[in-house]
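**Student:** Okay, here's the structure, questions in a sec.
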Amino acid sequence: MVEEGNKIQEEVVEGDENGSPKRGILVGRGCNIRAPIDWFRMLSKETHWSLVGGIVAIYGINQGFGGALARVGTEYYMKDVQKVQPSEAQAYTGITNIPWIIKPIWGLLTDVVPVFGYRRRPYFVLAGILGILSMFFLSFHEKLHIVLALVCLTVGSGGVAIADVTVDACVAQQSGIHPSLAPDLQSLCALSSSIGALIGFSLSGVFVHLIGPKVALFFGVYGLLSVPFALVLLVGLVLKEPHSPSFAYRQINEKFFDAATAMWTTLKCPEVWRPCLYMYLSFALSLNIYEGLFYWETDSKAGPSFSQETIGFILSIGSVGSLLGAILYQYGLKTHPFRALLFWAQLFFGLSGMLDLVFILRLNLKLGLSDYLFAVIDESMFQLVGRLKWMPLLVLSSQLCPPGIEGTFFALLMSIDNFGLMSSTWLGGLLLHVLNVTRTRFDNLWLAILIRNVLRIAPLAFLFLVPKSGPESSGFSRVEVLSILEESESRIEVSSGLEDSELSKSEEVELTPLVSSVG
C-alpha cells in the first residue's frame, strides 16, 4: 500500500517527455489524499502562485461567490423592487451582459496597450475599482430609477468582464507555454467557480433568514459584492508579470491594426470558424426562459411559492452539480475527443430540460417527490450537464489562441459564446412574451419549456463543425494557427518579457514583442 501511494505521488509530479506534468488532481490508479495539494503545488510551480491565487480569487470569489449573490439579489430586485415582467427582466439581463459581448476590446487592450509597463495588472486594478464604485452606489440608493439601476449593474458587469478577460489571457498564455496543463488550468477555473457559487448561494439564503429579505438580499448583497472586487484589485497588485517600461505608445494604432488583422486572418481559418459557429449555435438555440420559471416558482397561487431563503438554498445545493461536473471532467473526461463528449453533453442537456416540464405539470407530486426535493434535483442536473457541456468548449478555445494575442483572441471566442447566451436570453424572453407568460399568468409556460427542450437538441445537427480530436491529440493547435498566419503572410510576435525558461518550453516558436507588422 505504501509503495502504491508513493507511485501515485511520483506520477503527480512526474513530467512527460516535454517536461510538462502529466495529469491533474488525481494521477494513477489509486486515491491520494494529498493529490489536490500536490496538484496546486504543481500548478504553482509550473506557472506561479500569484496566477493560481488570481484564478481562485477571480473565478472562485468574484465570479462564483459574487456571481451567486448577485444573481439571487438581482432576481428579487427586478421582481419585487422594480416590478418588471419576466420577459422584461430577461431583456434587462441581456443589457447588463453587453460588457461580455465586447470582451475582444478588453482583450485587445490587455494585449496591445500596457499601462506603466504592465499588460495585465493595471486592468485587474481597473476592474476592481469599477466594481467597487458601482456596488457601493447600488447599496446606498434604495429607490433607483430602472435606467440608473441598469447602468450600475452594467458597470459592475463590466468590472467582472474585464477581470475575466484578463485572467483568461493569463490562462491562455500559460496553456500555450504548457499545452498539457490546459485542461488542468480550465479545471481549476471551473472548480473555483463552482465552489464559490456553492458558498455564495448558501450564504444568500442565510442572509435572508437572519437579516430579512429586502435589506439582506437587495442592498446588503450589493454592498458585500464590493469585497470580491477588492480582491480583484489586490490581484492586480501582486500578480507576477514582466515589466516592459520601454513601450512605443505612438505605435498603438499600428499594433491595434496588426492584432485585428491577425485575429481576422486566424478567424477565417476553417479549423477556427467552424468550432466558433458551433459554439454560438449551441448556446443560441438553447433558449433561456429562466425568468418565467423563477416567477412561477415564487408565485403563491400557480407555483410552489418558494421563499427567498428557499431559492438561495436550492441554487446552493444545485451548484453542487456544477462542482461534480467539473470534477467528473477533470478525473475522467478531459482526454476524450471533443465531438464525442459534446454529443453526449448536448443530448443530456436537452433531456434534462424535461425535468422542468415534469415540475410545471406537478407530476413530481404524483411520484411522491416534494417540490423542494424535485427543484434541487432539477437544478443539480442542469448545473452538472451544463458544466460538462461548457468545459470542452473552454479547452478547445484556449488551444485555438495564437501567441501574442491570447487575451484578445480568447476574449473573441468567449464573446461569441456570450453573444450566443445573450441571443438565448432575448429569444427566450421573446418566446415568453409571445406565449403571454407574465408575472401572474403561466398557462403556456409548459409550452415554452417544450419548445426550449426541442431546440436544445438541435445543435447535434452541427457537431460536424467540431474537430474529432481531443485536447492531447495531434489535432488543430496553436502551432497550426501560426503556420496559417505565416501562409497568409502575417507575422505575430509576442511579449519579449517572457522568461527564457518559458520560451524554451513553448512550441519551438520564436516569441518576440507582442504584435509586429502584418504583410
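Yeah, the Cβs are placed from backbone N, Cα and C, and that goes for glycine too.
Since we're looking at a predicted model, the values are computed, not measured.
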**Student:** Given the ranges 311-329, 368-386, which one is assigned the annotation transmembrane segment in TrEMBL?
**Tutor:** 311-329
**Student:** According to TrEMBL, which stretch among 188-211, 260-283 corresponds to the feature transmembrane segment?
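**Tutor:** In TrEMBL, the transmembrane segment feature sits at 188-211.
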**Student:** Could you check which of 59-78, 399-418, 419-438 is flagged in TrEMBL as transmembrane segment?
**Tutor:** 419-438
**Student:** Run the contact check on the transmembrane segment (123-140) against the transmembrane segment (217-239): 3 or more C-beta pairs under 8 Å, excluding pairs closer than 6 in sequence.
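**Tutor:** Stretch pair touches.
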**Student:** Between the transmembrane segment (341-361) and the transmembrane segment (445-466), are there three or more CB pairs that fall under 8 A, provided the residues in each pair are separated by 6 or more in sequence?
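**Tutor:** Judged by the Cβ rule, the two regions touch, with the required three close pairs present.
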**Student:** Taking the transmembrane segment (217-239) as the reference, which of 146-167, 341-361, 419-438 gives the largest number of Cβ pairs under 8 angstroms?
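**Tutor:** The stretch I would name here is 146-167.
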**Student:** Which bits of the chain, at least 6 residues beyond where the transmembrane segment (146-167) starts or stops, bring a Cβ under 8 A of a Cβ in it?
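**Tutor:** Here the qualifying positions are 54-55, 58-59, 62-63, 66-67, 70, 74, 77, 82, 84, 92, 95-100, 103, 106-107, 110, 120, 123-124, 126-131, 133-135, 137-138, 225, 229, 232, 235, 407, 410-411, 414.
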